[in-house]
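A.B. asks: Take this structure, written in structure tokens, and hold onto it; I'll ask about it next.
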């Protein structure tokens, strides 16, 4: 088997990846995610996940309607906990060991609090670590949370799954003339204001020389596995 150049990756999933038009958490979508996880593990690559909560709640949207932004962000972070528990449950049913870690303390044995040492130990043991609650603080996106967790666990790269197959000059869903980048520098992505990730996430990854790959897993669940095998898919952002 061709060995991947990556030993440990962090996969950033949106909450929408777990939903369909009828269900905020769709069993079929969950199983697709678990199959992707298993394909990564089969290549002897360790994987951690940061999951969003937009399928359940978006604090920023309700803030525009008058809700206190801090309250909305706290509610959004709680939504990510529900998504993380759902992924972990289906993983366990498929004999994939997991460890769920939250950015803020949750009692009652629901999940562990973030501890980068314990997270790395779990990854070394072959477990999938699922991070939730973003950074644990309001006013930060889950993209920034993904960058932070990737740095904490010494990941080789952040893989962000999106609706499109990379980073484009403009939104390809709205503009059919948009062109896809094969690769970008962090400075270029920030200067061009390409809003596939927020500036804080790009800046953190740039500072720590942490590669980002933006790709789509909507049409082909093998895309991440293919990238790990060296196929030139998606858009790579690096120094």
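Please read every residue number as a count from 1 along the shown chain.
Each residue, glycine too, has its Cβ placed from N, Cα and C.
Annotations per Swiss-Prot:
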- 12, 13, 14, 15, 54, 58, 162, 168, 171: ATP binding site (BINDING)
- 53, 73, 135, 136, 137, 138, 139, 140, 141, 142: UMP binding site (BINDING)
A.B. asks: Expressed to the nearest Å, what is the distance separating residue 162 (ATP binding site) and residue 53 (UMP binding site) at their Cα atoms?
C.D. replies: 14
A.B. asks: How many whole Å apart are the CA atoms of residue 12 (ATP binding site) and residue 141 (UMP binding site)?
C.D. replies: 12
A.B. asks: Between residue 171 (ATP binding site) and residue 141 (UMP binding site), how many Å separate their Cα atoms?
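C.D. replies: Spelling it out, the Cα of residue 171 (ATP binding site) and the Cα of residue 141 (UMP binding site) are 20 Å apart.
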A.B. asks: What's the number of neighbouring CB atoms sitting within 10 A of the CB on residue 53 (UMP binding site)?
C.D. replies: 27
A.B. asks: Would you mind pulling the DSSP three-state label for residue 14 (ATP binding site)?
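C.D. replies: In the DSSP reduction, residue 14 (ATP binding site) maps to coil.
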